[in-house]
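Taken from TrEMBL, the feature domain 'UvrD-like helicase ATP-binding' applies to A:12-303. Residues annotated as ATP binding site in TrEMBL: A:Ala33, A:Gly34, A:Ala35, A:Gly36, A:Ser37, A:Gly38, A:Lys39, A:Thr40. As annotated by TrEMBL, domain 'UvrD-like helicase C-terminal' applies to A:304-563.
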Amino acid sequence: MERASYLDKLNDNQRAAVTFGTGEPPGPLLVIAGAGSGKTSTLAHRVAHLVVNGADPRRILLMTFSRRAASELTRRVERITAAALGTGIAAEALLWAGTFHGIGARILRDNAAAIGLDPDFSIHDREDSADLMNLCRHGLGLSQTASRFPAKSTCLAIYSRKINSEAPLGDVLRDHFPWCAQWETELKRLFGAYVEAKQAQNVLDYDDLLLAWAQVMADPGFAAHVGGAWDHVLIDEYQDTNRLQARILMALKPDGRGLTVVGDDAQSIYAFRAATVRNILDFPGSFAPPADVITLDRNYRSTQPILAAANAVIGAARERFTKDLWTERASAERPQLVTYATEADQARHVVDRVLEDRETGTTLKEQAVLFRTSSHSAQLEAELTRRNVPYVKFGGLKFLDSAHVKDLLAMLRLGRNPRDRVAGFRVLQLIPGVGPKAAGHVLDALDLAPDPRAALRDVAPPPRSGSDWPAFVAAMTTDAPWPAALDKARDWYDPHLARLHEDSEARRGDLDQLAQIAGGYASAEKFLTDLTLDPPDATSDQAGVPLKDEDYLILSTIHSAKGQEWRSVHVLNCVDGCLPSDLGTGTTDEVEEERRLLYVAMTRAKDRLSLGVPQRFYVTHQSRNGDRHIYSLRTRFIPAGILDRFEVTHWSPARVGEVPRPAPAPIDIAAQMRDMWA
DNA sequence: ATGCACGCGGTTTTT
DNA sequence: CCGCGTGCAT
């Protein structure tokens, strides 16, 4: 076959990765792809190349870290194949592109009957899971222990880590939750109850999507059935997978044939979710003969000075398994390291710089401000709002977390799966006069009924529910097709929204948005699954999400910035305590992960990079005598020895024209007010 | 039984 | 500040 023209645009290593594999199907391949090395493009080309050479796209499994990454990849594959073949493959041909969790949900749903699951199972998001954990916690009387028992979210985090790391509970507690170690016995009991509750309620949490999948794969018959559905399995961001995911992968393709994994150990930033770089390091040796390894170390994204600074930061890492990145993009401009007296100064200057860059032709969308923790952007957001700069924030709170959205989604979930007690408690208590007790009775009755959905019509109304009940039942049991069913729920919910929230107008807008999204789905089930596994991740202040064609600045946690790039990048709060976060400096491993976070942040920049170092912070509510400020130091990841990679400056606001004004004589307002009644 | 007022305490990052 | 548990009035 004549050499396809798309191969000409690739460098030698990229081409080797794209065309790798002589066998049918080819042996296992590991691609170590440095930041900005054209990883996504290489992966897309490899998939396209397989298809161009006759692979059936419906028999390719493509697993990525987010659904956004999956659709980007799919789009590119379509473009490349379209150019190469004349006719592109249909958009639907790549049937199996998604996240580990999304694919897991699909496999479990498809095989539900055979593995003893009700196919109508609901999927709980993190908060729902924590709520269920809380119900169990109360049930076992753990909420009123003499010394305080760990909070529901902590319990869930411990449980989740145990599942995903496949480590004994004792080890998990010792290594990651030492302040909870005294509760090991109680936690074990709690987790047992939690698992039973999930099963009784026909509910799966995030971890179950992987755990149940792994358990399916442990059965040889099922493993062959599931694994046999694909000729090629490609995994992106392999450095951020955990033990459980690796186990699933190895069971899918035990001999490694058809398997490609891509990743970069220098960008591993999800250890808190039990991801382990061991997966990527041990991958080659898991097979006999070992997997081939191809390294992409040429960076196409950043200028040389940016790369030099990033390399210096990661160069000090305790362990390094890969390469220094190199580039041919010369520039005289070093990254900036700017100190400020306060965070407010930092916010002001960053906005100044952003606007300057926009004046000189860099749109807001081509610029980003990154930070370690969602709350670090608070002052910046205030400044942006004050100066009317539109922005969209990724990471942190999502609009799905707001009470009114959760209420409506819970109604839909309860309609599909009346055994879901978390949804049930939430929804039933919306009815005035119905509290935990009455809600519990209704749910118990539904639980015992042979057909819970029908039972909702017949169940005795709660004593004080009044005239609301028939309308509620009607809304819940409607036969309206999707998405009209959502409108029925909204109609019932609307008066309660107005009753419960002062700002019901703004919240109604969110629900409009939700209805819009719902319209794009064929069924409530698909809608709920997708929304839970891949929630719309941007929030943007009170103003609502800007229109798609509008220009807006990107604000993002470093975690949510993974895989992305911008011409200009500002990193906030590069000080000890923020980056590394003072919460995660317990162990050397945790500190090393924080170092990689800074590395990831810096390598997002194409042309311009600046790191902010505010020296004074206001810390609120840390001492009971009110707010205080603390002084902070430049991050330990930029020691004096590598300062020469940066242009170091200090910025303070101009004080021009500022004349101190004398204060007027004091007045006694309180006395005046008293005198009004004298 | 529900719902509200009060007081205490508090590990980010996400599928 | 916010969520959570407790205690009291309806």
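From the backbone N, Cα and C atoms, a Cβ is placed for every residue, glycine too.
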Residues close to ATP site centre defined by A:Ala33, A:Gly34, A:Ala35, A:Gly36, A:Ser37, A:Gly38, A:Lys39, A:Thr40, Cβ within 8 Å: A:Thr42, A:Asp264, A:Leu296, A:Asn299, A:Tyr300, A:Arg301
Cβ neighbours of A:Lys39 (ATP binding site) where a neighbour is any other Cβ within 10 Å: 23
Entry from the binding-site residues list A:Ala33, A:Ala35 having the most other CB atoms no farther than 10 A: A:Ala33
A:Ser37, A:Thr40 as binding-site residues, winner by CB count within 10 A: A:Ser37
Protein Cβ atoms within 10 Å of A:Gly34 (ATP binding site), excluding its own: 24
Number of Cβ atoms other than its own within 10 Å, given for A:Gly36 (ATP binding site): 23
Number of other Cβ atoms within 10 Å of the Cβ of A:Gly38 (ATP binding site) across all protein chains: 22
